[in-house]
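Colleague: From TrEMBL, for reference:
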BINDING   Gly16, Ser17, Gly18, Lys19, Gly20, Thr21, Arg127, Val136, Tyr137, Thr200  GTP binding site
BINDING   Ser37, Arg42, Gln63, Leu64, Val65, Gly90, Phe91, Pro92, Arg93, Gln97, Arg160, Arg171  AMP binding site
DOMAIN    127-162  domain 'Adenylate kinase active site lid'
REGION    36-65  region 'NMPbind'
REGION    126-163  region 'LID'
Amino acid sequence: MGLLRVFRAVIMGPPGSGKGTVSNRITDSFGLKHLSSGDILRANIKAKTELGLLMKSCIDQGQLVPDDVISRLILSNLRNMDHSSWLLDGFPRTVAQAESLDSMCTVDTVINLDVPFQTIKERLTSRWLHLPSGRVYNTDFNPPKIPGLDDVTGEPLIQREDDTPETVTRRLKAYEFQTQPVLEYYRSKGVLETFSGTETNKIWPHVHTFLTRKIPHVQQIRGQA
């Protein structure tokens, strides 16, 4: 049967909140197309499009990509999906970007994953990596047999710069500062739905139930898997 009408959703959540996992489950269960602003940005930089080169220049100089540039990029992709239902991830990140999105289409719902920062810190700083193989360990639920060493080669594990406690704290504070006004913007419009918890597998059933009510005319592709 599929969707009887086009449905547009935005998902928000800090780094390490399980946003990628929830996004995949939404697209699998409800047939929405998943659009990641990061993927779109990287693809344009790789293809050396006009906007891609402009963004690469900003990034190389350590500057933030201007709102109008990132908005033009994302909205041009969305225009190609005029008759599709989608889930947008990583955009908008500012109120100006949210207003640009509103000028083009109506957002039906904004799913906000509210995971305590302490939980995210513990989750991210517990990750260790064996760089040559890409094997990932977690000191909480998938620890190496010998602390600090790879199970297969016995070589030392490293912690990515992004996963150090200092970097994680800085990233979370930056996210909070940047996106709080966006959450308020969508709350004032009555489309913000917040899901709080510490475990993705416990948050997901609530998201699934909400979307089943919100978009009832849908053929669930893989149930709640």
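The backbone N, Cα and C atoms fix where each Cβ goes, and this holds for glycine too.
Locate each feature and note its surroundings.
Modeller: If you take the C-beta of Tyr137 (GTP binding site) and look for same-chain residues 6 or more apart in sequence within under 8 angstroms, you find Arg127, Trp128, Leu129, His130, Pro143, Pro144, Leu157.
Close to Arg93 (AMP binding site) in the fold, though at least 6 residues off in sequence, lie Ile70, Gln178, Thr179, Val182, each with a CB less than 8 Å from its CB.
Averaged across the domain 'Adenylate kinase active site lid' (127-162), the predicted model reaches a pLDDT of 92.
Beyond the ends of the region 'NMPbind' (36-65), by six or more residues, the same chain brings 23, 72-74, 76-77, 88-91 to within a C-beta distance below 8 angstroms of the stretch.
Secondary structure by DSSP for the region 'LID' (126-163): 3 helix, 12 strand, 23 coil.
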Colleague: Let me make sure I understand the structure: which of the binding-site residues listed (Arg127, Arg160) has the fewest other Cβ atoms within 10 A of its Cβ?
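Modeller: Across Arg127, Arg160, these binding-site residues, the one with fewest Cβ atoms within 10 Å is Arg160.
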Colleague: Under DSSP, the region 'NMPbind' (36-65) has how many residues in helix, strand and coil?
Modeller: 22 helix, 1 strand, 7 coil
Colleague: Closest to Arg160 (AMP binding site): which of the binding-site residues Gly16, Gly18, Gly20, going by Cα position?
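Modeller: Answer for the nearest of the binding-site residues: Gly16.
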Colleague: Compare the Cα of Ser37 (AMP binding site) against each of the binding-site residues Gly16, Gly18, Gly20 and report the nearest.
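Modeller: Closest recorded candidate to Ser37 (AMP binding site) by Cα: Gly20.
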Colleague: List only the single closest residue to Gly16 (GTP binding site), chosen from the binding-site residues Gln63, Val65, Phe91 by CA-CA distance.
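Modeller: The answer is Phe91.
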Colleague: Which residues, sitting 6 or more apart from Gly18 (GTP binding site) on the same chain, put a CB under 8 Å from its CB?
Modeller: Leu113, Val115, Thr200, Ile203
